[in-house]
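Working notes for the structure below.
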Amino acid sequence: MLGTLGAGLSNFPWLSASILFPIGSAFVIPFFPDKGDGKEVRWFALSIALITFLITVGSYINGFDISNENVQLKENISWLPDLGLTWSVGADGMSMPLILLTSFITALAVLAAWPVKFKPKLFFFLILVMDGGQIAVFAVQDMLLFFLTWELELIPVYLLLAIWGGKNRQYAATKFIIYTAGSSIFILLAALAMGFYGTEIPNFEFSHLAAQDFSQKFQILCYVGLLIAFGVKLPIVPLHTWLPDAHGEATAPVHMLLAGILLKMGGYALLRFNAQLLPVAHAQFAPLLIVLGVVNIIYAALTSFAQRNLKRKIAYSSISHMGFVLIGIGSFSSLGTSGAMLQMVSHGLIGASLFFLVGATYDRTKTLKLDEMSGVGQKMRIMFALWTACSLASLALPGMSGFVSELMVFTGFVTDEVYTLPFRVVMASLAAIGVILTPIYLLSMLREIFFGKENPKLIEERKLIDAEPREVYIIACLLLPIIGIGLYPRLVTESYIASINNLVDRDLTAIKSAAKANIFSGTKKNDILKAPTI
């Protein structure tokens, strides 16, 4: 009987359920009565988000083999055969950690949204639709379906910004949709080009595209378009300007979803498409990714240091930390690429915690200007402790997840011999500047908020209260995996190391083939990148 139950669980459509359950449940919300403060809707949304999280955990426990590098939990249903479109979902080591992260952060974001009283039905409807849509982005195995789910996620974010944002919410929401929807056209063009390549019958499945022998020029064209599209979402400097504006106007739960999940979609897509499906082009553009990663780290760290708005300071900090993802993806090292994956998970947790605290602090002080915040530590001691713990995690304190992921990226890049020694030394030295700046701007931020001379107007008028049990619980739920991963990173790395090794081997083979074909001859890349001995 137990064997039958186990077989049934392994055959259960876990991923389809985790995608369709929150989206389908969201359409129940309009039938809730409009009277009251939305208490029933909040509890319903929280229940659905928690069940979705349990479904994703069930998919990992019952159907996912961490030693298998291939796609698992595969579901393939013909949807629109004339267009070559199938409902194809699955998970490998690169997608499963992010699926779990998405459902986990969303459940906490629903709890963070407990104070929302304005249009609660629409708010939680959008959150649940966003939950299913973001899981779908990481789970789909069809490139055209990937484009559709990528676009589906944009609509809830736009509405959450435009309706519940700050005074400049319309500008921020419009800028977000122009940047992200506008750049998404490159995903559609690349999907159509790759799906129709060499055939009149389109096939958009990842497995088919990975087996295709795309020409070098074709790969380069697709790579550039996809780099722009995914670079907007990551974001890569100078395609980043929508993010500080979006974070500057968003509410705390939307902050958590933006920083915790949305940015990771860009990093995941770069791994899945640029590095995995276009290896020859990746061999040529990887040095550029390294340079862009270093620019992200330094530029965003310096800009964060200069910000006087708390939300924008943390937003630029996020951009800086995502630079390590770019370096890891371009490193051609199993350790470096593994570090990029871990950095996405780590920053998802840390970014969500910091932005939640930004929202909680604003709810009390009603200001985001650091010049108006000072001396509130005496009134909010628990809040100060929470801020300190999350800031230490963000500055990569040993024993926390950020330290491990950044160390893996640095070590993987510096010790790998694919790049020449001078290039590695210069890039690592420049990136280290950003690492040094991080504790400076974060610790100075803590000092300005919680220490110094008290602002009498702020203290007297706002009647500041300390952290509530709900807020402590949310931060505790985020800090637990942050510390757990920091102390024992194999909790996460074991789930994707087989897939990462397979990806890196594929890219190293592409470098060797490119060198034999003299692709780098006549360019300066051969002074940076050299063919490995495989």
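Cβ coordinates are placed from backbone N, Cα and C, and glycine is handled just like the others.
What Swiss-Prot lists as transmembrane segment is 12-32, 44-64, 96-116, 144-164, 176-196, 220-240, 251-271, 285-305, 314-334, 340-360, 425-445, 472-492 (among others).
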Proximity verdict for the transmembrane segment (472-492) and the transmembrane segment (285-305), three or more C-beta pairs under 8 Å: no
Contact set, same chain, for the transmembrane segment (314-334): CB under 8 Å, 6 or more residues outside the stretch: 234-237, 240, 243-244, 246-248, 259, 263, 266-267, 270-271, 274-275, 285-290, 292-301, 303-304, 307, 340-341, 343-344, 347, 350-351, 354-355, 358, 394, 402, 405-406, 408-409, 412-413, 415-416, 418-419, 427, 431, 434, 438, 441-442, 497, 500-501, 504, 507-508, 511, 532
Chain residues outside the transmembrane segment (96-116) and at least six past its termini with a C-beta under 8 angstroms from it: 15, 18, 22, 38, 42, 45-46, 49-50, 52-53, 55-57, 59-60, 64, 123-124, 127, 130-131, 134-135, 138-139, 164, 251-254, 256-257, 260-261, 264, 268, 341, 344-345, 348-349, 352, 356, 359, 363, 470, 473-474, 477-478, 492, 495-496
Contacting positions for the transmembrane segment (44-64) when only residues 6+ beyond its ends and CB under 8 Å are counted: 6, 9-10, 12, 14-15, 17-18, 21-22, 25-26, 28-29, 32, 72-73, 91, 96, 99-100, 102-104, 106-107, 109-111, 113, 124, 127-128, 131-132, 135, 495
